[in-house]
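Here the structure comes first, spelled out in structure tokens, and everything after it is commentary.
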Amino acid sequence: LMSLTVTSVRLTGTKYGCGGGGCGACTVMVSHPRVYLHHTIRHYSANACLLPLCQLHGAAVTTVEGIGSTKTRIHPVQERIAKAHGSQCGFCTPGMVMSMYALLRNKPHPTMEDITQALAGNLCRCTGYRPIVDGCRTFCQVQSSALQLIPEKPQLFDKEEFLPLDPTQELIFPPELILMAETGNPETLTFCGERMRWVSPASLEELVQLKASNPKAPLVMGNTNIGPDIKFKGVLHPLIISPTRVMELFEVTQTPQGVWVGAGCSLSEVRSLLQKLVPQFPEEKTELFRALIQQLGNLGSQQIRNVASLGGNIMSAYPNSDLNPVLAAGNCKLSVISTGGRREVPLNPDFFVSFGKTILKPEEIVVSVFVPFSRKGEFVRAFRQAPRKESSFATVTTAMRVFFSEGSRVVRDVSIYYGGMGPTTVSATKTCAALVTRPWDDETLSRAYDVLLDELVLPPSAPGGKVEFRRSLTLSFLFKFNLEVLQKLREMVGLQFLNVVTDVLPEKMQIQPLPREIQPSLQEFQHVSKDQSVQDPVGRPIMHRSAISQATGEAVYCDDIPRTDGELFLVLVTSSRAHAKITGLDVSEALRLPGVVDVITAKDIPGKKVRTMFGYHEELLAESEVSCIGQMICAVVADTRAHAKRGAAAVKISYEDLPDPVFTIEEATEKSSFFEPRRVIRRGNVTEAFETVDQLYEGEIRMGGQEHFYMETQSMLVVPVGEETEFKVYVSTQWPTSTQTLDIPSNRVTCHVKRMGGAFGGKVTKTAVLASITSVAAWKTNRAVRCVLERGEDMLITGGRHPILAKYKVGFMNDGRIVAADIEYYTNAGNTVDESVLVEKILLHMDNAYNIPNLQGRAAACRTNLPSNTAFRGFGVPQSIMVVENMVNDVAVVLGRPADQIREINMYKGPSVTHYKFEFSPENMLRCWEECKVKADYSARRRAVDQFNQQNRWKKRGMSIIPIKYGIAFAESFLNQAAALVHIYKDGSVLVTHGGTEMGQGIHTKMQQVASRELRIPPSKIYISETSTNTVPNTCPSAASFGTDANGMAVKNACQTLYQRLEPVRQKDPKGSWESWVNAAFFEKISLSATGFYRGPDLYMDWDKMEGQPYAYFTFGACCCEVELDCLTGDYRTVRTDIVVDIGRSVNPSVDIGQIEGAFMQGLGLYTLEELKFSPSGLLYTRGPSQYKIPAVCDVPLRFNVYLLSDSHNPHAIYSSKGIGEPVLFLGSSVFFAIKDAVAAARAESGLVGPFSLDSPATPERACLACASLFTQKIPASKPGSYKPWALNI
């Protein structure tokens, strides 16, 4: 459906984010008439990227454009998401709108639970979700009492202004489709494509015949399994059978023993059916139903569950299926049909044969699934652990059923199934045998744990890794089941056994689920002063200037630009070896394929074939040697994306492997494989200081990398004008000037950037290389060429944040003063130097908030055979300070004191000097810290956490409070400049252009505010169209949180020039209007166009003298977090977050608070969730949202409060504001340290005290293993070196 909406019907609001149903950007609403259900209409949300067009015969599809637009009227959902500031870059917004819209169509008064479930399958990388949830919350009937906040506090939006939701005004289902459904004699539908045939039979008999004659043809219902295989694995099915119109597959029949559910029913329908049945029967009969409801709530996203079918889920036989263990443990059975007739097949241990294979014959079709009622004395429970709480495949999933004789605790029957513990769903048969006929008590169970440990063995190099964790989960889940059964036995067996059972289960042992309800939050900022003019927008929470058009799908991104005649599509061919010589490149077969026009290689590049950065050459296309998997070798251009992809797959490259590739930091240091220069900075004398201290401690910490995961992948369109080598380049980049390449004079290459769908540092250097290659293709073919990377290619090619390994030695006194610290940082830079100069920023921030008199730092960028890493929001600072804070934490643990006390003792106080001799005042930093403690009610909550931990054995809470001092601006002085061009037209309208690019950070909105204040006209008269190199040349990248500082001053400069030019006209006609003055100026031949320029601060750093002024000023902040951790699974929830930030006087509080929340959530992802996994040969495994988990709605702190420090001023930036894009990202680490605090409490229960190592990210796996419970301790560790691990430890 996706390609139809975007190319044929030109409905570009539906966005392509990942192509695999994992991000929700392409969500649409599908409506089907249900003839078998009294002609009701079923409305549901679905992913357009997976929806097969052929399957939508007779359905109505509603896209974001269909529910409202600025030309007609906007829909309340679009309005509320926009006005609640829930749209920043806007790329995910149409998908969010459609998920919410589909919910409201089915339930006009949703609960908060409904809303979080509807949004669980929609990812956003900018906002941090809080404003989206707040906008959607306004549709809830029950507004919680906490929302009635103090009225005099300024609010970010006023919900009284919103349009009411009127369900009677929604689009009706097209009557002709209802007629078609009622009268149509169903007939077989056949669709033929270039290489595939799609057949949709109308009856069960026909389906059986079709499958018998084509046993290999897959049956497709939801396309959530076959679709990704075709798209990403290149699987080709000449025939696809779609049984969506076979009524027997959707029938539901109830019997006295249970219920038969049609195998074609979607998972959402199965769930709502079971939810309707549960209240109709006594509790003891619905144990299995409730376990299924629970698992169905966690399986995939709402969009996936709406289309994926029950039968499809069983037959895909995924090893980590969530449903199959429950169905098998519950003794479910299948009714299957083939030409040989019907038979019933039990879901038992023999049903799952091998990976993706079941006992059924290829021609057999599952018609329905029998779900039995449970009996008195029977309990069924399901548990799962996944890398993210929602929309994530399980790491391990299980279902357990036990049946007791009445009034007894002797086990009559038990079944236990696990997913994620082998190539299939596995039955723990021996463990069950150890439980049957025995009483359910500690003795029986401790025997069962040992049997289970021996029964479910995973080899240390098992696919998916996490072997120790997975094995310990099998035990933890059995233990959790045990706790629940004991609780039930206590209720069931009643008084006669009370003594036997009560001793077993003290309150402390019980496990309640983690809290999940999102509470209303606070956003506090300062009112503008009473003297400020009403029409002066500076300092007011103004909505993002494009928010409405982003919410209606009208906002234009690079790939939304209409196709031009003869346009070609470019697909890259990348290296499949990490370190090898290219011995042959054969493109002949690719050129023979239909639609393929040309293949671009290094030989085609006119002029320089390399790009030089920091003294190192990087090839645009590899010619003779490759140095990482994913390095670009050539590019195929064809008339469509599909043809180009097929052409790229046909290019044959032969290699000769070179010896000893380098992947890890350890390997690089061993072989001295570094990018120069390595940097050192010193203050005081560390060696001497170490002699005088009371205590010394040495530690190390690793920190993984991070993928940018901007919602819009790298996108560009290069259009040759046709004369004098002139080109127009439309590209999603933070640095338009960098795309003017290819030895063509810059005055002939105009780069246009309207907006980006997110960037975060990942659209600077890599985008320039991709644009160069696309330009070569356009130059060679003399046709427009478009290149839009697939999510997997983008993740493979473009690199991310640098992973680090750091070692530290710290000397401190018994009173907590840190006297000396020596820290070594090693970053994994990858195969090219790119922006690895960030080692300098690492050293410049290694003091964070602490005045350590003797400090030494060394940093090196390691050259490895992995894809090159690049700039990412924070640029080394999140890695740098993480190490320092971990070190301070260790000092606190060694001394047995609270970490916040050690932090306070060591903070800068009074007039201070950094380790590079830069003078500053830490006053606002200390104010942020103190205010954070007060706002977060730190001391009282700290006591409550300690009490909670005494009362709970298997759940622990942790708290942390972390400060930050972040330097703003570029240390490379020449980058601190900006220009602007402002035109006033005769009708009084104003066009502003400047060198900054809009990527969701609201720079255009702020520039509009600046121009409005300086020209003294309302913002509605001011328009910003795009950033382009023909209006403002020689731009600097929009980066380093310096965009508003620099461009704001340039726009201000231009507007002031114009305002002064109009002065004589105003004096002649003081009472005139703006329009009359402008008109008069034109007739008096006064120029109404002006450039503005800002020459930023002269910053520098002298590394030989180890001193300088690399930053203009500091942004300060502090963050307090509390988490609740399930020690048995490592799952956690951030219960509450309070952030106080000093950003001077905010130009726009809603934009700035949005940046703070978004950066914090990105940091939460970096430090607790996001893991890049590489194979032992250097291939990135995690190439999409199904393997790489960024934070989703389920990860938002349940209370998320942000406070802007009041009465702060900053003389170094426009209107006394401060840069805010990057600093808060590091504060996400307060979640990491809160988890570490909770883990320490769990370790204390096992008698483990003192410092322990916990690497970042603190995933459930790492947290669970660090808790060192009796179950993790049972798992034998595999000896490193004795096996080849599934993934490298990068």
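We number each residue from 1, going along the chain as drawn.
Yeah, the Cβs are placed from backbone N, Cα and C, and that goes for glycine too.
Predicted automatically and left uncurated, TrEMBL annotations should be read as such.
If you look up TrEMBL, you'll see GLU1222 marked as active site, proton acceptor. According to TrEMBL, the [2Fe-2S] cluster 2 binding site annotation covers CYS89, CYS92, CYS124, CYS126. What TrEMBL lists as FAD binding site is 219-226, 309-313, ASP322, ARG384. Residues or ranges marked as Mo-molybdopterin binding site in TrEMBL: GLN734, PHE760, ARG873, ALA1040. Under the heading domain '2Fe-2S ferredoxin-type', TrEMBL lists 1-67. The domain 'FAD-binding PCMH-type' annotation in TrEMBL covers 191-376.
The separation of CYS126 ([2Fe-2S] cluster 2 binding site) from ASN223 (FAD binding site), Cα to Cα, is 29 Å. In sequence order, GLU1222 are the recorded positions from CYS126, LEU219, GLU1222 with a C-alpha within 10 Å of the C-alpha of ARG873 (Mo-molybdopterin binding site). A straight line from the CA of CYS124 ([2Fe-2S] cluster 2 binding site) to the CA of PHE760 (Mo-molybdopterin binding site) spans 13 Å. Sitting within 8 Å of the Cβ centre of GLN734, PHE760, ARG873, ALA1040, and not among those site residues for Mo-molybdopterin, are the Cβ atoms of ALA759, GLY761, GLY762, VAL764, ALA871, PHE872, PHE875, MET999, SER1038, ALA1039, SER1041, GLY1221, GLU1222. Under 8 Å, Cβ to Cβ, and six or more positions away along its own chain, PHE760 (Mo-molybdopterin binding site) finds ARG125, HIS708, TYR710, PHE872, ARG873, MET999, GLN1162. Largest Cα to Cα distance within the recorded Mo-molybdopterin binders GLN734, PHE760, ARG873, ALA1040: about 12 Å as a whole number. Each residue contributes its Cα atom, and for MET221 (FAD binding site) and ALA1040 (Mo-molybdopterin binding site) these two points are 48 Å apart. Counted with DSSP, the domain '2Fe-2S ferredoxin-type' (1-67) comes out as 15 helix, 19 strand, 33 coil. The two recorded residues, CYS92 ([2Fe-2S] cluster 2 binding site) and GLY311 (FAD binding site), show a Cα separation of 31 Å.
Annotated pair SER309 (FAD binding site) and GLN734 (Mo-molybdopterin binding site), C-alpha to C-alpha distance, rounded: 43 Å. MET221 (FAD binding site) counts 25 other C-beta atoms within 10 Å of its own C-beta, drawing on all protein chains shown. For CYS126 ([2Fe-2S] cluster 2 binding site), the nearest neighbour among the recorded positions ASN225, ARG384, GLU1222, judged by Cα separation, is GLU1222. Within 8 A of the CB centroid of the [2Fe-2S] cluster 2 site residues CYS89, CYS92, CYS124, CYS126, the other residues of that chain are SER87, GLN88, GLY90, PHE91, THR93, ARG125, THR127, MET711, GLY757, GLY758, GLY1000, GLY1158. The binding-site residues examined here are ASN223, ASN225, SER309, ASN313, GLN734; by Cβ neighbour count within 10 Å, the least packed of them is ASN225. Here GLU1222 (active site, proton acceptor) is compared against the binding-site residues ASN225, GLY311, ARG384, and the shortest C-alpha distance is to ARG384. For ARG384 (FAD binding site) paired with CYS89 ([2Fe-2S] cluster 2 binding site), the C-alpha to C-alpha distance reads 34 Å.
With a cut-off of 8 Å between CB atoms and residues at least 6 apart in sequence, the same chain places LEU219, MET221, LEU249, ALA263, GLY264, VAL366, VAL369 near GLY311 (FAD binding site), listed in sequence order. Here CYS89 ([2Fe-2S] cluster 2 binding site) is positioned 18 angstrom away from ALA1040 (Mo-molybdopterin binding site), judged by their C-alpha atoms. Nearest neighbour of CYS89 ([2Fe-2S] cluster 2 binding site) by Cα distance, taken over the binding-site residues ASN225, ASN313, GLN734: GLN734.
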